[in-house]
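Student: Straight from TrEMBL, here's the annotation block:
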ACT_SITE  115  active site, N6-AMP-lysine intermediate
BINDING   33, 34, 35, 36, 37, 82, 83, 113, 136, 173, 290, 314  NAD(+) binding site
BINDING   408, 411, 426, 432  Zn(2+) binding site
DOMAIN    741-821  domain 'BRCT'
């Protein structure tokens, strides 16, 4: 049964009062503005239809909320009123009509200005000195926040110029610019602090800090928009003139303030500011119209809580409340696993929103978003809709906290998170369909397999058509497919494609192919992929189509079959494995078959590879899909590694079971403790079979022994340790003895290249120096052995000279290479 008008009015008053307290006292709004406005308008309508329900303490007759009691109270000399709202062009026209009827003027001029989304304040100046600052509070009484306002650089302590009244109250808005808001939240995330939902909350919370030093740390700004009490002084007789005067006295005034005429002028301003809204450096939620001349304002007067001569024209809400129906994981092109909320559809900023990003698992934990929750969704401009907060009072019973899935929803590979990172990733780089296009583009890039001519558009269409499902499929491409692809991409629509195909189709069967193409829907974004997937035989008319590029691309694909190990490793697109890491892996291990089966701790044997990169390598090679992709490259694609060699003899240094235990990052296990453990329990299996007491007897402290036992109980750790020991034995069996190492003339030296070399490219110079044992670095330090400087050498040369590092020119480099290669 529907509630009676009295019951509904009482319920609305309760909800509005609760929302007012959250917004004005706690600086933590629980519902979006649009929901609040909707409740107020419903209550106003009820009170109009049932006057007996209206009361003096109704929220419809009040401004803001009572002061919180945390600050001293300030009685405003002139009330700080709120504004009535307009949500449509018709309501704006009614506003103008009412003024026209009351004043009887043919031309009405209005001051128009943006409606800042911040905190209204009043600044009191006596004899030009700032003496008091207060929040609006309930319109009559606010809070004394003078000390905090003094920390805002926009607010003058002493008025500029001359001619100011003895007493001047300036009304305005304290806000936080978007850039400062983002910087604040970034610092909060970095230090584990509270992330704020929006700039308005940030401004209000910052201004109401009990310690002014905390306010000073959060950059706040101020715009003046009017005056309160004025004593013993004159102001201009228009609102726009008053704003100009305030600006002359040192107050910031929005550059968007202007004067317009009539309804058309107001609506034109509204649309102009609406178009610019998302590019502004601060948040606004509408525009404000004020009758410009003060005599007209006085004649219009006030209603209970708002002037009749001003109105706020609100923009479509950028925030709305809705319900979370599901939380799913979306895998991006680079493997990032982003949680997405599936929502009950809701209109936000003029667009129906049914999905919203939750950014990452940490954000979900901070907000405590659960399936079934009522949430506030925000959409600003072209920004992806996001969930910004939960409405806790509406949470249904029985909900449970959300957990990140352990497996990729697309390919089934493990979802992993690097230590200290916010993002989770799918580890199935090569095998995951969601990452396929990005993986193939990287594989074909110049510094990887260098397949020249295979652009992003070609890759996208080949993947969408199902012709290329993985990197090995590149080696299956035929000339026919590439020429067909070119025609498809060049055609504007299916009809144009049919015309382009016709000269290249044999007479027999061409009709069926062309009919199938013409049936495609040109408005469907997938029509090109569908066309490319159509089976067809071709008889290419070389007078009608260029074929050289396709022949060159096939040749580039064939040439890439002979690859160096470092190029292939880089081409695999393993997270955190760049060119230098790929080169180091190739130099130290020498064989893909060894590398692809190494447990992750052994990768740490390579200088400059730490735990994060080592674990990333381990995760990649643990995925069956990635192993299958490598098998396909070697077998189907017939990719051949041209520089296979034995593992480096340097791997032998200190490589034993004790070191494996240390590299496995077991809590408390140092080299000395590991040596004691292995002396008592020789072999990984013996360590696995032992218990806490045996670890203590081997010389481990009790807490370290307990930590080791717990580590071994974790699923997969024992098997990894056994596999690492077996791989270690393979390396020791295959690596040459340390005595067989022939040191290069630049072994142990660090070289930096800068400027342009005339006879060598930077890459060739780097390769030749590294072949002589040098480490080529990108930055100069005291440890740099020498710098090679070409023409137009910059800051690196300056730094080398300031540090006294030797500098070689190109001639000296070439002479050295000729002597030692």
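In case you wondered, yes, glycine gets a Cβ from its N, Cα and C as well.
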Student: Counting across all protein chains shown, how many other Cβ atoms sit within 10 Å of the Cβ of residue 37 (NAD(+) binding site)?
Tutor: 14
Student: What whole-number distance in angstrom separates the two most remote CA atoms of the NAD(+)-binding residues 33, 34, 35, 36, 37, 82, 83, 113, 136, 173, 290, 314?
Tutor: 25
Student: For residue 411 (Zn(2+) binding site), just count the other CB atoms lying within 10 A of its CB, please.
Tutor: 22
Student: Counting every protein chain present, what is the number of Cβ atoms, excluding its own, within 10 Å of the Cβ of residue 35 (NAD(+) binding site)?
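Tutor: Its Cβ has 19 other Cβ atoms within 10 Å.
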Student: Looking at the recorded positions 115, 408, 411, 432, which has the shortest Cα distance to residue 33 (NAD(+) binding site)?
Tutor: 115
Student: Which residue counts does DSSP give the domain 'BRCT' (741-821) for helix, strand and coil?
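Tutor: Reading the DSSP string over the domain 'BRCT' (741-821) gives 30 helix, 16 strand, 35 coil.
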Student: Translate the DSSP assignment of residue 290 (NAD(+) binding site) into the three-state scheme.
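Tutor: Residue 290 (NAD(+) binding site) sits in a strand per DSSP.
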Student: How many whole Å apart are the CA atoms of residue 426 (Zn(2+) binding site) and residue 115 (active site, N6-AMP-lysine intermediate)?
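Tutor: So the alpha carbons of residue 426 (Zn(2+) binding site) and residue 115 (active site, N6-AMP-lysine intermediate) sit roughly 44 Å from each other.
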Student: Provide the number of Cβ atoms within 10 Å of the Cβ of residue 408 (Zn(2+) binding site), excluding the reference atom itself.
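Tutor: If we count other Cβ atoms within 10 Å of residue 408 (Zn(2+) binding site), we arrive at 27.
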Student: If you count, for each of the binding-site residues 83, 432, the other Cβ atoms lying within 10 Å of its Cβ, which residue has the minimum?
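Tutor: Selected from the binding-site residues 83, 432 on minimum Cβ neighbours within 10 Å: 83.
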Student: Taking all residues of the domain 'BRCT' (741-821) together, what is their mean pLDDT?
Tutor: 87
